[in-house]
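Some features that TrEMBL has for this protein:
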BINDING   Asn12, Trp13, Lys14, Gly174, Ser213, Gly234, Gly235  substrate binding site
ACT_SITE  His98  active site, electrophile
ACT_SITE  Glu168  active site, proton acceptor
Amino acid sequence: MTDAIRPLIAGNWKMNGLKAQAAEFDAMLNGAADVAGKADLLVCPPATLIAAFAEKARGKKAAVGAQDCHPKVSGAHTGDIAAEMLTDAGATAIIVGHSERRADHGESDILVKQKAEAAWRAGVTAIVCIGETQAQRDAGQTLEILRGQLNLSLPDASTAANLIVAYEPVWAIGTGLTPTAKDVEQIHGFIRELLTSRFKDEGARMRILYGGSVKPSNAAELMAVKNVNGALVGGASLKAADFLAIAKGCP
Ligand code: 13P
């Protein structure tokens, strides 16, 4: 029963955050117990802050994740970070295939799949992002694009425990625009169907997050949609009050 899936509210800080912002994370931790009845909380700061945040989060009702990883375990890859390094620092989940990485770094579905497997190799959950661009949406290609991304980016061994799908329409990221609740229901229903047909019971229990301009004012409506099992939040995850209010909006 998908309705029984516990929601996850995940914050993606993207390339934002210095040590000076640690107080905002402290405020999130302080409020986390109040929303623990509603949802799990995960904050994915830039890699430079993972170790310090993970230390703070110890014993608290929020976890710390990472935004990307290299597929390999080690080697001559200047500037890259292996999944094992992120988990060594305290990350308990790794976002892979975010549309900004797909666009900025030309990441392919195949690479995204390798990164998801790298997260597993390091012992943590992969949050695999998919989503159509405005042009693809305008051309009526949304479902085909999502089908292709899911087919190629999700490893065969995906389970409800090791994989989370995040549907983030590219046109909704950072724009203040969101699809209607009806559109979200249709698309998440489509994703659920594909997951269930490929991964059976595991697919029926996998979390499907919605991401793209989620904020306190629209969270309750979006989180109430069937097959929406939480949110991947960008801008609004930088402020403790907003992030916690989004979690409070979960049904
Ligand atoms: P915004 O919430 O800022 O639109 O970003 C969404 C996102 O890309 C999260 O990964």
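Backbone N, Cα and C atoms are what each Cβ position is placed from, and that goes for glycine too.
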Any idea which of the binding-site residues Gly174, Gly234, Gly235 has the thinnest Cβ neighbourhood at 10 Å? Gly174
Rounded distance in angstrom between the Cα atoms of Gly235 (substrate binding site) and Glu168 (active site, proton acceptor): 14
Neighbour tally for Trp13 (substrate binding site), based on other Cβ positions within 10 Å of its Cβ: 21
Is it possible to get the count of other C-beta atoms within 10 angstroms of the C-beta of Glu168 (active site, proton acceptor)? 25
Return the residue, from the listed recorded positions Lys14, His98, with the maximum count of other C-beta atoms within 10 angstroms of its C-beta. His98
In the three-state scheme derived from DSSP, which category covers Asn12 (substrate binding site)? strand
